[in-house]
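Working notes, structure below.
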Amino acid sequence: MLMWLSELNDWVWQDRLWFPGGLGWADLKDRDGLVFAKGSDLWVIFPIAVCFLIIRQLFERTVAVQLASFLGVREKTRVRAAQNTTLESYFCSCSKFPIQSSVEDLSKKSGCSVRQVQRWFRRRRNQERPSQLKKFREASWRFTFYLLAFIAGLGALIDKPWFYDMKEMWNGFPTLPLLPSQYWYYMIELGFYVSLLFSVATDVKRKDFKEQIVHHVATILLISFSWLVNYIRAGTLIMLVHDASDYLLESAKMFNYAGWRKTCNYMFILFAAVFILTRLVILPFWIIHTTWVYPLTIYPPFFGFYFFNGLLFVLQCLHIFWAGLILRMAIKFLPGNDIVEDERSDREETDSDEEVEDRERKDKTRNGFVLQNGNCHTVLNNNHQNHRKTE
């Protein structure tokens with residue numbers, strides 16, 4: 001068994017898969033005072049991720065709370081659902097969104113009216129939604145990291161030739177010596193994304209939850225792989241491009257939760273512009289072009305070339321998906337709209353929603369239609385007139 005695993009390991013990491021012809025792992029051994037990236041370096045990301053989780057808890061319980069108070073974040077008063085064993089059992093074991101027939105059945109079992117059952121489920125669902133303060137604390141933590149990471153990344157790259165001429169990222173590949181600034185930029189970014197995977201169970205759930213998981217995994221694989229095969233120059237540029245817009249989105253969320261409507265709108269406009277510029281222009285037409293097209297003029301294609309660019313393609317597809325959400329939110333800037341809401345978040349339900357639904361049903365009835373069992377049936381005019389008289 002051990003021999004089989006050893007043979008598999010040798011086959012997976014053979015030179016011809018991950019490097020151009022004539023180059024290999026032997027070229028990445030330290031020599032003449034030059035230090036190169038090693039796979040063993042990546043173990044440090046796990047204690048860094050744990051440190052991030054600890055720092056995050058301290059930050060959210062102290063700095064974020066004070067900042068929320070300063071910006072005026074207010075919690076909405078939520079009416080708790082009354083204690084009801086029958087409804088609670090159905091909510092936990094069957095569904096949080098019962099269909100109409102189930103509501104009627106629960107009404108009989110619990111001794112409540114249909115309207116009371118619907119109101120109970122609405123309030124019970126609200127109890128499980130994250131509070132404004134929780135969402136603000138999470139956004140402020142991410143804002144702080146992304147802002148500091150962007151500043152640090154910019155400082156590490158501003159004097160590098162490949163920051164201005166991206167073809168320089170392949171000059172001397174793969175024997176590119178490792179710089180201390182590159183080491184810490186990589187380890188901190190990887191540690192942060194690993195910490196996001198560790199905390200995904202407790203973070204605010206949004207509609208793009210699955211896409212976020214795919215993004216985190218693809219990012220970790222991309223950064224880790226670029227470290228292993230010394231695509232570090234390309235990796236630092238990719239990380240900088242991502243950090244350039246993320247802190248703007250988190251700041252817009254913070255102002256949204258605090259009720260600063262105009263500030264939120266301005267920050268979102270700035271975020272949308274930077275996102276489209278960096279993720280839909282610079283990344284695909286400059287960086288990916290330099291990792292996909294230009295290398296073919298220097299080396300013949302190899303598996304590592306396809307693997308790296310394949311991960312970039314996954315990220316680019318996610319960027320296009322999120323760009324669609326951003327454009328949908330941008331519609332809210334049209335006249336008559338006061339604030340940008342996160343399209344990925346669930347809207348909190350209120351008892352006034354029930355009144356709106358009732359009014360809509362009455363309007364449909366007055367217009368001569370009523371919805372029954374999914375089919376639209378015409379109501380006779382005399383019934384409509386009788387209904388008007390009873391009102």
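Note: Cβ is positioned from N, Cα and C throughout, glycine not excepted.
Copied over from TrEMBL:
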- 42-59: transmembrane segment (TRANSMEM)
- 74-131: domain 'Homeobox' (DOMAIN)
- 76-132: DNA-binding region (DNA_BIND)
- 134-335: domain 'TLC' (DOMAIN)
- 143-163: transmembrane segment (TRANSMEM)
- 183-201: transmembrane segment (TRANSMEM)
- 264-287: transmembrane segment (TRANSMEM)
- 307-327: transmembrane segment (TRANSMEM)
- 344-369: region 'Disordered' (REGION)
- 348-357: compositional bias 'Acidic residues' (COMPBIAS)
Long-range environment of the transmembrane segment (183-201) - Cβ separation under 8 angstroms, sequence gap at least 6: 37, 41-42, 44-46, 48-53, 56, 145, 149, 152-153, 156, 212-213, 216-217, 219-220, 223-224, 227, 232, 235-236, 239
Tally of DSSP helical, extended and coil residues in the DNA-binding region (76-132): 36 helix, 0 strand, 21 coil
